[in-house]
Every structure is written in structure tokens, then in C-alpha cells.
Amino acid sequence: MTNHWDVIVVGGGHAGTEAAAAAARLGAKTLLATHKLETVGTMSCNPAIGGLAKGHLVREIDALDGVMGRAIDRGGIQFRILNRSKGPAVRGPRAQADRALYAQAVRAILADQPGLTLAALAIEDLLIGNDGRCAGVIDAEGGVHRAGAVVLTTGTFLRGVIHIGTQTTPAGRIGEAPALGLSATLARLGFPLGRLKTGTPPRLDGRTIAWATLESQPGDEPPPPFSFLTTAITTPQISCAITETTAETHRVIRENLHRAPLYSGQIQGVGPRYCPSIEDKVVRFADRDRHQIFLEPEGLDDPTVYPNGISTSLPIDVQLALLATIPGLEKAEMMRPGYAIEYDFVDPRCLGPTLETDRLPGLFLAGQINGTTGYEEAAAQGLIAGLNAARVAGAGERAAPITFDRAEGYLGVLVDDLITLGTTEPYRMFTSRAEYRLLLRADNADLRLTAKGIALGCVGAARTAAFEDKRAALTAARTMIDGLALTPPDLARRGIAVNQDGQRRTPLDLLCHADIDWARLVALWPELGAIRPDVAEQLEIGARYAGYLERMHGDVAAFRRDEALVLPADLAYDGLANLSAELRGKLTLARPATLGAAARIPGMTPAALTALLRHVKRRERDSVEECFT
């Protein structure tokens, strides 16, 4: 095997697979190095993809020809649209996965990717060139692998430690060794490291669960795919089930809190605020006597069940005792105990918008190493890091950065939040984090991003053709609709009351009426039934929310004006006397690329922004004057 590559990606999880595939799609000769090839694409925790805001990320990854959407469509065994009864901005696709089928799909997609090689290697160190750039990696056997750029996607493996009661085990995932050398290397290079914690629930034997006594939770029919390339889901579908904890469950937990590593002081890392362990729920929400649990089968031919909602690191005997108090699980057998895992992460404020590090050019970080939680957040970062690693490896500093701003997608919101605000707890994406969420819907991710992907060169021929077909279908549908305009008397004869103002109205004009939807339009104009469902959805949303969308486009224009005001990379914030010491410190740490990014730093005031803008303009003026003296 060659020891020189354009891009080397370390780690075969969700961030690593997207990074490697993205780099290869841009033509980079890419190596994906991971401990075990059989674990590539493994779902370490919950067997599901998507959800609120997370589903938006998956659709955006797919719009740029990424892996995750296609893989879950092949391996998904239950598909749902969450928040279907709410507005389109907050609807999120989610799919339950067959773990084995999902991992197989990921590996198959990677195997079909030209220019990508996978190798079982334990990477222990980084290679630094004489020019101070990251020049490759060194494996556990001392082998040197050179590259133009390196992407670290180490997940929970950086100095990972598993906790089950008082028992601690160094591991990156249960049964797998941690990455100790890389953590030491990052510390030696001066990267600011922190410690985070996440957890997983016990796995249950589904054959010992009393399913008949539980509430069933079926998926949507027909199953809504993730990928814009998928026409239909062909994998057999299953139902999940719902149960809940009881007062007795909470008593068992409270009586054993002294044995919980989370409360004994054994765990120092900060856990995810929005995905707490069951012991944390019982303490934080002491007034509640029950918490919902979703019983999620892990595969069509696998009896393992994932009880979503009872992540725990309590001792095994306590886990068994609390399971026996839950309806339907009284006789359930535990196949594997739940556990917590602590791991190192890097403060993401030392990254730029391409996810390249400021301390070591040529090194990119993606996934949980940047303080995030969730498969989808990791995959999104992997995509961005992989694309930029390929550009840097091919063109060096001349490479135009590949970035996404907050008005382009959740991809941009995610990266901007991380590099501007940093995080002290595992970061999770929510629709509430996106200011322009009505524009950044899951349903229009391809219309927002695929053209950009085509221009960048990361979108293949099949997706390009599908995208052009959809755009042509939208144009044809609008032309047809414009020819269906009717006068108020004509509409009245069809049972639709409008102002008798003499103005002709198209079918889309009528969607501002709360009682009129697309189905009613088709009943009135049968020819509309020939329009593709995905195209009809775009037309309906665009018409129904036209006023809101127009105002939001105005907001985006104002946002882009601020983003266009670039702050010099070498700006010495310590010398800005008009700013408080606190703000000078925050600006020095975050080093925002634009005035807009500076405005999003906590504590930044309008007065401080004005002072910053004046300083930059004065500096530019002085620089121009020097050129003529």
C-alpha cells in the first residue's frame, strides 16, 4: 500500500465516512484509516438517523451527494416525519435503522467510491513537516503515511474511559481500545482540550419483552425517504413500542445515587443537556413520576432492543432492578449493560469555518472531537472537513475555502456556532438555533445546496440529472398553474368565495386561504394531479408562506452585508481600548472572520461592534495611505 495520499481521514464513524467520501468525490486520493474495518459505519449508540433539525442536516448532506441519506434509505426499518402537524420549518425526517444493514450500506457506498482506500490502522501520532504543516500520520507500528491534509474524526476514542458503576475501563467504545497517542499529541501541540461525557442504555432481549401489553408506534405509510435519489423504501418495516418509568423505578434510582458515577464524583466530563441519563432525569425533574421510553428494535433479524430514554451508568445490579419496575420489561433480559463514556475534545474555537485548525495548518477536525453529540452533527462536519481537506491538498493555500453560512443551511449554523461560541457541553442541533429556518427546510435542501455542490464538483452525474429534472418540473408546473387563473365569478361557481375585485387568481393564489390545500386544488383542477408530489410540496409551501419568506429574504440580505465585512486575521484585539477586557478576551479566543460572526459572540454589544468596525476601517485607511507615502 502506498504511503503517500492527498488526504488521510482517521476514524471510520459517521464523520470519518463522510469526510473520506467527500474528499474522494473531489478527486483526492484518500485513505480512511480506522482500527477495525468491520466497524466502519457502526452506530455506536441509538439505532436511528434524523429527527428534529438532525433530519435537516441529513438532507443537506444528501443534497451534496453525501453518504448518510442513501445509507439509511437502504438500512431503515421505520420512517417517520416528526412534527408533521406543525409548520414545514420544524418538520424533521427520522428513521429507525437495522444496525447491520446500515453499516453494510455505508461500506458498500464507500467501496463504490473511486479514489478511496480503507485500511485497518491504529493512528498514534501526527507528522509535521518542516514548513509547520500537518504532513501525515504515524501508526502504532511506526509506519509513516504522508498526506497533503489530515482529518481527525476520533469520536469518543480520545482518552476514552467507560464507566459502569465503580468499574472503569479505558475504551473508545465498548470492546475497543481508546486513542491515547493522538490525545497526547494534541495536548503537546497546544490545542485546548476539555472533557465530555455521553452514555447509552442497556440493550434488551426483545424475545423477553411483553410487547402485547405496550403501546405500538408504527411508521408512516408510505415510508418517506431521506435521500432525494430514493424513489421508494424497499426494506421491510417494523413498529416500535412505548412504555415509561414508574414511581418504583425512581425509588430504585434514588436509593442508589451514591453508586452512580455521575453523582459520586467519578465522572468529571460534562454530559449532554438534552439527552440526560435516567438517573439525571430523576434528580433534575424530581416532580415527575414517569419518563417515556421508546423500545426500538435494532434489526430485522436481531433480537436486540434499544430502550431509548434510560441511558445509565449505574451498576449492573441496579440496572437489572430498575428494568424490572418498568411495564412490559418486568421479565426482560439484559444483553449488555448501559454505560457512560468520558472522552477528550478540542475547543472548536481554534478552528476556522473550513474546520481546519489554526495551530496546525493542514489538520482538520470533525465530529465529537469538536464537542458535538449525534451522528448527524458528526456527519455534517465530516462532509465540510473532507471537502476542504481535498481542496487544500490539491491547491494548498491557494484553495478557495468551501464554507456554508447561516442562511445557506444548518451546515452553516452548526459550524458557525462551534467556531464562534465554542461549547462546554455536547452540542446538539435544534431548529431554534437557525434564524432563517423557514428558508432552511428539510424538504428544500436540494434546491438550496445541490447547485453549489455541482459547481464545487462534489455532486455526481446521477444526482445532477435528478436535480435538473426537478428544477425543470418546477418550471413546467409554474407555467401550467399560471395558465389556470380564474375570475372571482368562476371561483364562486366552484365553491370558493373571494373578493369580487375582478382580479384573476391562480391556484397558488388561493393557498393563502386556511381551508384550501393542495388536495382541494387538485379536486378543482384535475390537471394539477399530474404534478410530482415533491414539486407540489414546494409550490404549496412557497405560496402559503410567501409573505414570511419575502421578509426572511430581506433579513438574509442584511445578514450577508454584515458577513461581507471581513475582519483581518491578524487583528490585535488586545489593543482595542474601547472594548472591555472581557470582550477583548472573547474576540482573541474566537477570532471571528467577519463582523457578523463577531456580533454572535455572547456579550457583544452594538457599541462594541461600532468600535470594532471603526477600528477596522481606520486600519484600512491607514494601510492605503502608507501605499502612497
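Quick reminder: no glycine exception, Cβ is built from N, Cα and C everywhere.
In the three-state DSSP assignment, the secondary structure recorded for HIS14 (FAD binding site) is helix. As annotated by Swiss-Prot, FAD binding site applies to GLY11, GLY12, GLY13, HIS14, ALA15, GLY16, with the evidence given as sequence analysis.
Annotation comment: Swiss-Prot describes 271-285 as NAD(+) binding site. Sequence-distant contacts of GLY271 (NAD(+) binding site), defined as residues of its own chain at least six apart whose C-beta falls under 8 angstroms from its C-beta, comprise LEU196, LYS197, THR198, GLY199, LEU262, SER277, ASP280, ALA340, GLU425, PRO426.
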CYS275 (NAD(+) binding site) versus GLY12 (FAD binding site) - Cα distance in angstrom: 24
